[in-house]
Every structure is written in C-alpha cells, then in structure tokens.
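Working notes for the structure below.
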Amino acid sequence: MLKLAVGLLTAAAVALLLDWFAPSEPPVGLRRHRRASQPAPGAEAANLLWVVQVSDIHISKFRDPKRAPDFEKFCSETIDIIQPALVLATGDLTDAKTRDKLGSEQVEVEWKTYQSILKRSRVMEKTKWIDIKGNHDSFNIPHLDSIRNYYRKYSAWRKDGSFHYIHTTSFGNYSFICVDATLSPGPKRPYNFFGILNMNQMEELSLMATESLHSNHTIWFGHFPTSTIISPAPGIRTLMSSATAYLCGHLHTMGGLMPALHSQHRGGTLELELGDWMDNRRYRILAFDHDLLSFADLNFEEWPVVLITNPKSFLYSSSAHEPLLRILYSTHIRILAFSPSVIISVKVYIDGVHLGNAHQVSGPLYVLKWSPQNYSEGFHHIDVAVQDASGKISTRGHIFAMEENLSLRFGFWPSVILLTDHYVLARVLFGLIVLIQIALLVSFRYLQKPALKEKPGLLTLTSYSLHVFSKTNIFYYSILVLNLYTILGPWFVGELIDGQVGACFSFGVFVGGSFLQGSLTFVVGILQMLFFNLPLMAYLCWCLLLRCQGHSFRSHIRHVRRLMAVLVHLAMALLLAWQVYSCYFLQRTYGTLAFFFSPMRTWLVVLTSALIYKTWTLQSSEFRTYIVEMKNCQSS
C-alpha cells in the first residue's frame with residue numbers, strides 16, 4: 001500500500017512537470033494565429049486601449065480604517081490621472097467578517113460604504129466600472145433573491161451570474177467575459193473558498209466564448225484563479241482557450257510569499273492573478289496597443305506609473321492570440337507614463353545602451369523611433385526610466401525578442417499554484433492518507449508479531465508498539481472507526497447559513513437543499529489526518545509501549561528520559577488544544593448546534609481524552625503477554 005501511494009504521488013509529480021515543460025500549443029480547433037504585420041505600432045496615438053483592474057478590496061466595518069479612504073482616493077484621483085476606458089473590480093468588494101474574524105455575514109454598512117465611495121468619487125461617470133462578486137460577497141446568502149444579497153442593491157453592475165461585455169472602439173471590439181463561480185447557496189466561511197461551475201453555467205460560458213471570436217481580443221475575468229474553480233469536462237481552462245488572458249484575484253499574494261502570481265495555459269492564455277487592495281493596495285493597468293497586450297502590476301500612490309507597450313514582454317507573449325510580427329515592423333518604441341505631476345523625461349535603454357528620450361505624442365503616450373531589425377536575434381532587455389516634476393523616478397523593464405521560436409518559462413511555484421487543480425490533488429492526497437493509516441492498522445492486526453531480540457532498535461520498538469495497539473480491541477476499533485468516519489460521516493451539523501441547517505462531510509456540504517462538491521473540505525481532512533488522527537495513533541502507541549515496559553503514568557516520568565517524555569506529552573497537548581479551539585471556532589461560526597453535533601471536533605475531544613486515559617488505566621492483565629516478553633528481552 002505504501003509503495004502504491006508513493007508510486008501514485010511520483011506519477012502525479014512527473015505528470016505535472018511534463019505538463020509544465022511541454023510546449024504551449026493551443027488546441028487545434030481554437031488556434032487564432034495573428035500573422036498580420038499591419039497596422040504596426042508607430043508614432044501616432046492610435047489603436048491604443050487601456051483598462052484598470054483592482055481586486056479584493058474588502059471594505060470592512062471592523063478593520064483597517066484607512067482602507068476605505070484610500071480606495072476613495074484611488075477612485076477619485078488615481079482613476080482621474082490614468083483615465084482608463086474600463087475598470088474591472090474582480091470580487092471581494094466587502095470583507096463580510098465579524099469583529100472577532102471567526103464568523104462571517106453580509107454587513108450592510110460595508111456595502112453602503114462601497115456604494116458611497118463610487119458615488120462621491122463619481123467614478124462611474126468617468127469610466128465604465130464593472131464590479132463582480134467574490135467569495136466574501138457570497139458569505140451567508142441562502143439564495144440569489146435573498147435580501148442579504150447586497151451585491152444586487154449596492155454594486156455598480158448589480159447582476160448575478162456570468163456575462164459578456166463588448167467594448168467598442170474605432171479600431172475594433174474587445175470582449176470581456178466574466179466568470180461567476182461564486183456559490184449559491186453561499187455558506188459561511190471557510191467552505192466557499194473554492195468556486196463551482198455547473199454544466200449549465202459552462203454551456204452559457206461556451207456560447208459567450210463563441211460570440212467573442214469576432215472581437216479583436218477576448219479577456220476573461222473572475223474572482224477565483226482557475227486552480228480554485230471546480231468545473232465539469234472539458235474544464236474551465238479549455239473553455240477560455242480562445243482568450244488572450246484571464247484576470248483574477250482571491251489569493252492575496254499568498255501572504256506576501258508570491259508577489260507575482262502569473263502563468264500561462266497550454267493554449268497560450270495568460271492567467272494573471274492580481275495582489276489584493278486589502279493589505280497591499282495593488283492594482284493593474286492592462287493595455288492593448290495595436291492588439292499587443294501589455295500590463296503592469298502597481299502599488300497605490302507610487303508614481304510615476306510606467307507601462308512599455310512596444311516592444312512587449314516576450315514572457316507574456318502568445319503567438320496564438322497576438323500579432324507579434326507587428327513588433328518587428330514597428331517604427332517606434334511606445335510607452336504609457338502617468339503621474340499627478342508633469343512628466344519631464346522618459347529615458348529608454350536597450351541592453352544597457354541609452355537609446356534616447358521618448359517624446360510625448362498625446363496624453364500618456366510617449367514614443368521613440370527605433371530600428372527593431374537591430375534586435376531581430378535572441379533576447380534583449382529594454383528599460384525605461386520616467387521622471388516627473390516632483391523629482392520622483394520610476395523604472396520598468398522586461399525581456400523582449402522578435403523570434404517566436406525562443407522560449408522563456410514562468411516560475412515553477414506560480415505555475416503550480418495557478419495551473420494545478422487543487423481540489424483534485426487534495427482529494428487524492430486525503431484518500432491516500434486515510435487508506436495508509438487504515439492499511440497500517442489492518443496489517444498489524446493480522447500480521448504475526450515478531451519475537452523481540454535483545455536491545456531492540458527504534459524501528460523494532462515502533463513495529464512492536466503498532467502490533468500491541470492493533471491487537472488491543474478498544475484502540476484498534478476506535479481508531480479504525482475514526483478513520484472510516486473521517487471519510488464517510490458528517491463532520492458536523494449546524495447553521496451553515498443563518499436559518500438553514502446543513503451538514504459538512506469530507507466529500508462536500510449539504511445545505512439549503514443543495515449539494516456543494518468537496519474542495520476545501522479535503523484540505524481540512526488532510527490537516528485533520530496529519531495533525532491529529534495520525535499523531536493520536538502514534539501517541540497512543542508510545543503510551544502502550546511504556547505500559548508494556550512496566551511503567552505507569554507516574555513511573556515513566558522518573559525512568560524514561562524526562563525531556564523526551566515532556567516533549568511528547570506537550571506535543572499531544574498542543575494538538576488537543578488545537579482540536580478544542582476548532583470546537584470553539586465551530587460554535588462561533590456555525591452556532592451552538594454545530595458545537596454539540598460535531599463528531600469530528602467536540603466528540604473527538606471526548607474520545608481522545610478517554611483513549612489517553614485508557615492507555616494508562618487499562619489492567620496490566622491485558623498486556624501480560626507483552627509485558628513478560630518485554631521483561632525477558634530487557635533482562636537478556
């Protein structure tokens with residue numbers, strides 16, 4: 001069983017690596033190679049469109065009093081300076097957490113604050129503002145028509161569900177397709193961390209994808225990264241393979257560990273997760289310049305803002321979606337530069353050589369004549385330094401190339417985080433961990449116990465303790481049933497939504513007459529197995545081994561190495577304390593009913609205490625054979 005588990009994990013890892021290093025070719029039926037060399041980027045302020053994205057705003061009644069005023073300043077001042085054609089607010093508009101951070105509910109005053117910011121800043125009069133729901137905006141909502149669905153009342157867009165918005169310009173149409181994977185009904189946190197799309201929603205999105213093929217470009221956007229969306233075949237990534245990019249949020253830079261979460265699907269579609277506004281005050285500018293896509297992830301109030309649109313970054317290029325040949329036929333380097341102060345210089349460097357100063361054409365567009373043929377081979381590095389009248393300087397650069405047969409790869413961890421179907425991985429790992437523990441129990445139950453030799457080593461003593469544990473009925477059946485129940489039984493029953501009692505299982509959640517597939521439940525199950533069920537079995541085995549050596553609870557402190565004994569008991573006490581805290585979390589999150597009807601939390605604390613007590617109070621006659629064998633071994 002262990003070999004099988006290791007083999008499956010190894011195969012999964014190899015498949016992931018092969019998939020990551022495989023060439024990024026789009027599906028045959030969906031390739032849209034853009035070979036047109038004209039119109040090429042020149043000195044005119046034409047064929048240029050830019051939009052802004054902001055995500056995970058988390059307007060809160062209880063936390064960070066500067067968050068809302070900063071967002072209002074962003075809407076009134078930053079948007080005034082950048083003047084985008086469109087703003088995409090990709091979910092978690094409000095925080096929807098209680099004061100103690102444990103509970104979750106829609107707080108109307110947070111929604112009113114959000115709406116008042118939009119109204120006072122008059123941002124909807126300056127640009128097209130499209131705001132969509134995130135998982136926080138769906139906490140504790142029994143159905144879409146509920147009075148608690150404040151998104152319908154206070155947002156700018158106000159329409160639930162996925163949709164297709166077409167932005168029309170003089171040089172073509174640009175499609176923006178929203179993926180609404182938020183749950184309905186929407187349970188309280190944390191069990192709506194993953195999004196779900198059903199077959200009807202997938203068919204609806206498929207029709208939108210087909211409609212968008214007539215546009216110059218298609219941008220998909222949503223709150224959840226594709227790795228946190230559960231979708232039926234052919235899968236959400238296949239559905240959006242005709243898109244140039246998918247814009248999302250939700251992961252909040254992984255607590256600062258991943259400041260840039262960007263990758264690319266096998267078909268060439270970019271997946272660009274944006275860091276949060278909540279703590280990091282991040283936003284993004286994305287531009288189409290002669291249908292070449294460029295973007296910059298930025299920090300609020302860091303000026304000047306610089307975006308090089310030609311030549312574009314090679315890493316973020318896709319021959320399946322963009323007319324990359326236009327870079328080679330372009331006549332000018334093109335830069336967007338924004339600042340509340342006057343821009344006084346835009347210096348351009350390629351491969352460390354100063355090419356000259358770009359001049360302003362119109363608005364934020366600066367250009368500098370160049371000869372792209374001089375850079376037709378290999379990789380090159382462009383840097384642009386912009387200085388404004390206040391003395392602030394910003395520098396931005398990237399690698400570019402004219403040859404499409406060259407290769408650059410996105411970072412391994414961002415690709416793993418964005419391109420792995422985490423709910424599938426969690427499901428497999430959870431099943432393997434439970435099966436391994438059950439296999440250990442059953443195997444040692446029926447395997448013949450080997451005879452102890454003099455001075456047994458750690459491995460022999462571990463094996464011996466497992467034999468004692470598995471062959472003692474009360475411990476064997478208790479842990480066997482616990483593991484089977486972890487897979488099959490309801491973990492708790494409580495108010496998953498206010499006024500609606502539901503049940504949580506490892507494989508999903510039943511609430512409001514609906515079944516929500518398991519996703520985060522498997523992650524919680526893995527943590528439960530690794531940090532409680534398995535350590536509990538190991539701790540009980542250790543205690544039983546001490547009993548076999550003739551020790552009682554009091555005597556083992558004196559005769560066993562004291563430091564080790566204290567550390568083992570302390571570790572178990574901490575794990576038990578975590579389990580007790582989980583009971584408190586259940587009560588605060590899902591109500592008193594969940595606290596009392598929680599076999600995997602409250603009841604398990606009682607069972608654990610009883611089993612630990614039993615290891616030290618079980619009659620010695622139960623261990624007589626083992627005690628005699630251990631004494632004989634020690635005396636020899």
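Any Cβ shown, glycine's included, is placed from N, Cα and C.
Automatic, uncurated: that is what TrEMBL annotation is.
Annotation comment: TrEMBL describes 50-253 as domain 'Calcineurin-like phosphoesterase'. As annotated by TrEMBL, domain 'TMEM62 C-terminal' applies to 430-556. Among the features that TrEMBL reports, signal peptide is placed at 1-24. TrEMBL lists 424-447, 474-493, 520-542, 563-581, 593-613 with the feature transmembrane segment.
With Cβ pairs under 8 Å as the measure, the transmembrane segment (520-542) is packed most heavily against 424-447, out of 424-447, 474-493, 563-581, 593-613. Sequence-distant contacts of the transmembrane segment (593-613) (same chain, at least 6 residues past either end, Cβ-Cβ under 8 Å): 474-475, 478, 482, 485-486, 489-495, 501, 528, 532, 536, 539-540, 543, 572, 576, 579-580, 582-583, 586-587. Through the fold, the transmembrane segment (563-581) approaches residues 531-532, 535-536, 539, 542, 556-557, 601, 604-605, 608-609, 612 of its own chain, all at least 6 residues removed from its boundaries and within a Cβ separation under 8 Å. Residues in the domain 'TMEM62 C-terminal' (430-556) partition by DSSP class (helix H, G, I; strand E, B; coil) as 79 helix, 20 strand, 28 coil.
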